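K.L.:
Got a structure here, written out as structure tokens. Questions coming.
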Amino acid sequence: MPVQDLNDKLILKHPKGASAEVLLYGATVTSWKTGGNSNPEPLERLFLSSKAVLDGSKAVRGGIPVVFPCFGAPTHPDHKNLSQHGFARSELWKWDGVVMDNEAGVSVRLVLEPSQKISAIYPKPFRLSYVVTLAEHQLSTDLHVTNTSFSEQFEFQALFHNYIRAPSDSLFVTPLQGLQYKDKTDDSLQGLKTEGRSGVDVKKFTDSVYTNASQSYTVTWPGGEISIRSQNLKDVVIWNPQAEAGGKMGDMEEGGWERFVCVEPGYVDGFENVAAGSTWSGGQVLTIN
Ligand code: TA6
């Protein structure tokens, strides 16, 4: 059975052993397992903190939270009533059916439309459609932002907050060399830095927003590699709180920062614009190499 509906979450299964779990809350992918290289047991490829709150009372610490319509602390007038990273990751989405189910894989669509609660803080005419696709060695997520009005455009940001499971003391993210980035760990810095490293590590507290990036990234560590290819998401954020910031997070398991890196494709430098009656799409494909 390729899709199991457990009311609060969907379980996707691939005939060759891969699986994924998607919470309706936040449309958060909380698990993605693929066959190991030599290990016949499926391996979990995402990090989910054992202290993550999964009852719908707060955004999930781990997996793939969906960030919309703002990234980080709101800066746009339309987002003045929103909390960090917007509302999409903290609202209950609806399952809108199976989009694809064949030997190549299985896709499910979730949708989010304005509720009274959302409209009270974000009175914009939007409809979000989110398609999660599981293949044998790949997981894809595609976000479609529709402007349902007939007159006004609106601006937004969007990002996939991927928690990639990997040892943070020995991983590298490429290619970022030469890109300009904002180092959010250094408040004293006003401007942008230029990345000089061929491979970026996260051995220390890292919170970097790279702009106009390659849209294709690889996370490599001894014995493993995941590639991320994004579409229409020009920026990428690399984050690991290490103990310095992670130790202060109530929903971060002890030492959790040792087991992940966030590689987050997004449109976060500036704002995307969707015209009345139009739809914007951004997506990513995560592949186990
Ligand atoms: O994507 C990196 C970041 O913006 C960091 O600054 C940190 O705040 C992280 O997101 C987690 O944010 P959250 O709201 O989930 O605690």
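Each Cβ is built from the backbone N, Cα and C atoms, and glycine gets one as well.
The following feature annotations were taken from TrEMBL:
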- ARG61, GLN84, ARG89: substrate binding site (BINDING)
- HIS161: active site (ACT_SITE)
- GLU264: active site (ACT_SITE)
K.L.:
Given the recorded substrate site (ARG61, GLN84, ARG89), which additional residues of the same chain have their Cβ within 8 Å of the Cβ centre, ordered by sequence?
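P.N.:
Going along the sequence, the neighbours come out as LYS58, ALA59, VAL60, PRO65, VAL67, HIS85, SER90, HIS161.
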K.L.:
For the C-alpha pair, I'd like the distance in angstrom between GLU264 (active site) and HIS161 (active site), rounded off.
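P.N.:
Given the Cα positions, GLU264 (active site) is 5 Å from HIS161 (active site).
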K.L.:
Quick one: Cα separation, ARG89 (substrate binding site) versus HIS161 (active site), in Å?
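P.N.:
ARG89 (substrate binding site) to HIS161 (active site), Cα-Cα distance: 10 Å.
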K.L.:
Are there any residues in the same chain, six or more apart in sequence, whose C-beta is under 8 angstroms from the C-beta of GLN84 (substrate binding site), and if so which?
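P.N.:
For GLN84 (substrate binding site), the qualifying residues are GLY72, ALA73, PRO74.
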K.L.:
Distance between HIS161 (active site) and ARG61 (substrate binding site) at the Cα atoms, whole Å?
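P.N.:
Rounded to a whole number, the Cα-Cα distance is 10 Å.
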K.L.:
Validating a neighbour-count step here. Other CB atoms within 10 A of the CB of ARG89 (substrate binding site): how many?
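P.N.:
22, counting other Cβ atoms within 10 Å of ARG89 (substrate binding site).
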